[in-house]
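Working notes, beginning with the structure itself.
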Amino acid sequence: MRVDQKLRYRLIEIIALWEGRLTTNHLCQAFDIGRQQASKDINTYIREFSGATLVYDRQLKGYTPGDGFVPQFCQGHAHEYLQLLDKHDELGGMLSLTHIQSGGTHVMDAPSRYIEPQIIRTLIKAARNRLTLEGHYDSLAHPSPADDPGRLFAPHTLVFNGFRWHVRAWCEKNQEFRDFVISRFRGQLSIEDKPAARQKEQDEEWNTKQAVTLMPNPRLSHRQRVIIGRDYGMDMDSLSLTHHVSRALLPYYLRRWAVSEPYNDALPAEYQHVVVAKQQQLP
């Protein structure tokens with residue numbers, strides 16, 4: 001089987017599994033193919049691999065997976081779909097699944113967390129339509145199920161912070177925007193018949209940007225600082241690098257850079273290659 005055919009079958013499975021509705025338009029946009037070819041690919045996939053577990057729903061005008069649907073061209077992990085969304089946004093909506101032949105490389109993924117497909121589908125639907133959800137959430141601060149009889153929240157963005165996926169959402173219980181680890185939702189989420197009480201535009205922490213300037217640890221030698229500066233593509237005159245970061249994502253940003261904030265004097269400089277030089281809130 002050709003590589004491009006396998007990639008199209010893989011997309012069929014990922015979209016069907018995690019969105020719950022597949023259309024020919026998904027394949028047309030992703031692979032720049034015509035509707036006739038996309039329809040042929042879907043029908044061939046159904047005939048040869050899925051049988052009656054992927055069926056056309058006339059009401060939804062798309063193909064939906066049944067209870068016995070088992071993917072064969074993807075692993076069925078949530079991160080496959082979420083990474084697809086991330087790349088789609090990164091490329092400005094122009095998703096390209098062109099295969100690049102490569103050898104001698106290996107990428108270590110973040111540990112995969114178990115997430116129910118229905119959870120992702122419901123979160124995506126609520127975020128797209130700005131609706132409120134009701135569900136149960138396992139909190140490390142309050143781990144007993146009795147502590148959470150259920151809560152209302154309104155999601156607006158799914159975020160991969162480099163370690164795990166979470167959803168940024170308005171929490172009715174705490175009356176503030178919070179981050180919810182997606183793998184910790186328990187049971188089914190139900191969409192309430194009411195719009196979100198607070199929406200993305202009202203999330204001040206999310207919409208406020210910080211200019212964060214990083215530099216090599218000054219406790220390193222000059223030669224060591226130059227090496228670190230080159231490692232991270234810093235300006236070699238100032239040996240610094242500035243990023244604009246959402247204030248809501250700042251803790252995750254610093255964690256990805258292995259930056260202790262405030263600076264930890266007890267750790268050797270060799271364990272803290274990069275430190276924060278300054279932070280400034282942007283208008």
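Even glycines carry a Cβ here, placed using N, Cα and C.
Lifted from TrEMBL, the feature list:
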- 4-86: domain 'DNA-binding transcriptional repressor CapW winged helix-turn-helix' (DOMAIN)
- 119-186: domain 'WYL' (DOMAIN)
- 212-281: domain 'DNA-binding transcriptional repressor CapW C-terminal dimerisation' (DOMAIN)
Within the predicted model, mean pLDDT of the domain 'DNA-binding transcriptional repressor CapW C-terminal dimerisation' (212-281):
91
What does the DSSP secondary structure composition of the domain 'DNA-binding transcriptional repressor CapW winged helix-turn-helix' (4-86) look like, as residue counts for helix, strand and coil?
52 helix, 9 strand, 22 coil
Go ahead and report the DSSP secondary structure tallies for the domain 'WYL' (119-186): helix first, then strand, then coil.
17 helix, 32 strand, 19 coil
So, by DSSP, how many helix, strand and coil residues make up the domain 'DNA-binding transcriptional repressor CapW C-terminal dimerisation' (212-281)?
23 helix, 21 strand, 26 coil
